[in-house]
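The block underneath contains the structure these notes are about, expressed in structure tokens.
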């Protein structure tokens, strides 16, 4: 039984109970959202029996973030990837994808799954291509089915599979500025061009569902034709694929499998709401998992910023999970520090989306930190911040002594120009002179 089938049968699984506590929501609501397909609980039966702490992705839950790690053909090793995993989870990643494309993929993934408390996602075509010697033209559907089953047996919780790219879509990409930017999408496109046949992953969809259902692997329907520049945003190729993903969503549900859908990409700020609403309609409310989106293309080295602007907007309008972008995007393989910066940027984006959507308790931490700020409780401010070490380090750069951790000013304004200290003085004066009736707190 998958989480979806259990929910449809009216059953409440241990994973649903765990999620309900984490989300502070009624367990019956969790069950009903999973049953409807609006929520997924990525929990491969193998991983669920090990280190996994179940979580939920869906419009009724808090907005989640994913961090990508993984080696490449030219850099990184098992130790570095495990350090990235630890950093990502420590700073708040809700899921992690292992996108390794280099050597030792199996060993890296096995160790990541063994040590990860969060769901692990993969793109199976990467390892399959490595085992085919890099020649996608040599692939057949059975190669892919075997790889999906192999990774499912290892405990992978969700898989990005590019079923939506069709042969008849490819001509729609000819005039794009950046063409096909999805690695998986471009590989499938190349295979279709070489063989003049339809997408073999789409043809094998029902067989893939059988594997996903056996291990309760969640579909992450890949957007192989996502725009890779704002010039290509919201074009015919993107939306032609989206229509197919909507059909695949229903087919996946009919087969008893959990489904979420991936989205763009590079989208101007004014088009984000339309994109989210269109996806929700076309894909029947399935959780939307977006990469960014980046809202401008002119800031290599700062794309964690260009993208978290779009991500916050996407989350506010209904995206259920945000895939982080690091400062290294478009430039190179992220290191541990890049992972940290990407996760923090996206925790900010997801949190602001939760506040905007008025999710239960979302603003409590903001209010607590604001009260600590007004009370000049520096240690409490550090504790409540997303990155306490950095917050304290910045304060220590100019006022390192312990005495300044109780001072009623910082180095920005000093003791005479602090507006909050002046406000404190005004309130005290008003009390003494009884100019206004102030409530006691």
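Including glycine, each Cβ sits where the backbone N, Cα and C put it.
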Next item on the list: May I ask you to find which of 28, 33, 254, 262 Swiss-Prot records for the substrate site already listed with 68, 97, 126, 162, 182, 183, 184, 223, 224, 225, 226, 289?
Entry: 262
Next item on the list: For the binding-site residues 126, 289, work out the Cβ neighbour count at 10 Å and name the residue with the minimum.
Entry: 126
Check: Same-chain residues six or more away whose CB lies under 8 A from the CB of residue 418 ([4Fe-4S] cluster binding site)?
Finding: 408, 409, 410
Notebook entry, point to check: If you count Cβ atoms within 10 Å of the Cβ of residue 184 (substrate binding site), leaving out that atom itself, what do you get?
Noted result: 21
Next item on the list: Using a 10 Å cut-off, grab the number of neighbouring Cβ atoms around the Cβ of residue 68 (substrate binding site), all chains included.
Entry: 23
Notebook entry, point to check: Sorted by position, what residues of the same chain at least six away from residue 330 (Zn(2+) binding site) have a C-beta under 8 A from it?
Noted result: 300, 303
Check: Could you state the CA-to-CA distance between residue 126 (substrate binding site) and residue 266 (Zn(2+) binding site) to the nearest Å?
Finding: 23
